[in-house]
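Here is what Swiss-Prot records for this protein:
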type	residues	note
TRANSIT	1-34	transit peptide
BINDING	278, 279, 280, 281, 282, 283	NAD(+) binding site
ACT_SITE	301	active site, proton acceptor
ACT_SITE	335	active site, nucleophile
């Protein structure tokens, strides 16, 4: 039953309205600007990379799925097929888990010193940097994010995260503590075993690093499932891991769908831990499958509807630019996006006008072109879902300041969209849209905005923009979220833990805190006869 619900959630698709959103309100703001952009997205650039790996990576070898099935991965710029990828299912997960279990129980990986493991991870980081452009091109082709973002931010961050955890590998240790009698008492920090990891499509490389890095540093083996929308970059990364010297079976990569491969990992009796990043609805199902199988440990990084609070003392120009980045980065496809922009009434009108102007200037187009800020959404399902939410916003009475429709006639491009006069109970203010839609809400004082910001089922992150230290500290303490960015946003260094309160997840990724996700603590008590001291 849970598997069927996974299928329902993953296959759900909203149909977009055949009418322009502008026609609903008789609006045509920025029409010439968007007309020029629309013409620019029609001609696509040939990506500077070849697809070499489309099979599953199991036991150190690239292999076809047992069923022989494949599925297409699509170019979001035009909906055309990039490649046919092997479609893993439960049988393939069984093979991958068996390979991971053998590597953990019998292979050289658990017998290596921690220093030897760290050297492999450092070599891997070197290979990432060597292949930076190739990895970035695959990421952009499969996902649609700007190539400059992939090449200058995300692939370097991928290498940085693995260097961070390579440094941790030989610093993981237990403790000794005094007992109440003649005993030697110590703890051992041991790898948890076979870790199942399910990563999303919005940041395939970064989410892979946040999960693989600590798991490998702690000495575990892994079965990783990629998102069906973006399987390609992980397969190249898997090849580079083996070039770095990773033993066969330590990391196994299965491309496939949530209802089959994902559910098989979460419910597998020989998987000791599962980590998932994705929607809250699917996260609940992962938790259910884990509890009904072998009660495996679970880490969940789920949805968000993060408040971005602009206080009355803010420099409006700076606040507009930061709020724009907080929402529109990565086509708005960020779990922690600042998607509820709360602005103090004193500066609200000025902020709205400048936010509208900034959205109209946003450079949207083929992500392989230089200077592009926004590419297409990842697929037709996400594209149609976003357009439906925009329609909801218009019909609910929010004021459409900019955007509101698709851009161009092919591909999954959406105009940068800004709503003002948004009320807390509108769907565009409560639901995770996961797209380039900024909602701007007005507030009067701190007590009010704290209550409204916390009135959400989510609690992943928040942004605060103020020049007052007391205000910053009050909001920092009062907001029920896992991360608060003060006068900045999306600072995601490898050492900074990331995770949510409430329905935004369980546990933390990155930093020292993530190591606990992949370790067991064993207490060892040894009786001593005639000890010299206690």
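A Cβ is built for glycine as well, from the same backbone N, Cα and C atoms used for every other residue.
On the structure: features taken from Swiss-Prot.
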residue	record	Cβ contacts under 8 Å, 6 or more apart
278	NAD(+) binding site	198, 200, 302
280	NAD(+) binding site	302, 303, 457, 458, 503, 504
283	NAD(+) binding site	276, 300, 302, 505
301	active site, proton acceptor	275, 276, 277, 335, 498, 499, 500, 504, 505, 507, 509
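The most crowded of the recorded positions listed here (282, 335) is 335, judged by how many other CB atoms sit within 10 Å of its own CB. Cβ contacts within 10 Å of residue 281 (NAD(+) binding site), excluding its own Cβ and spanning all protein chains shown: 16. Residue density at residue 279 (NAD(+) binding site): 18 other Cβ atoms are found within 10 A of its Cβ, drawing on all protein chains shown.
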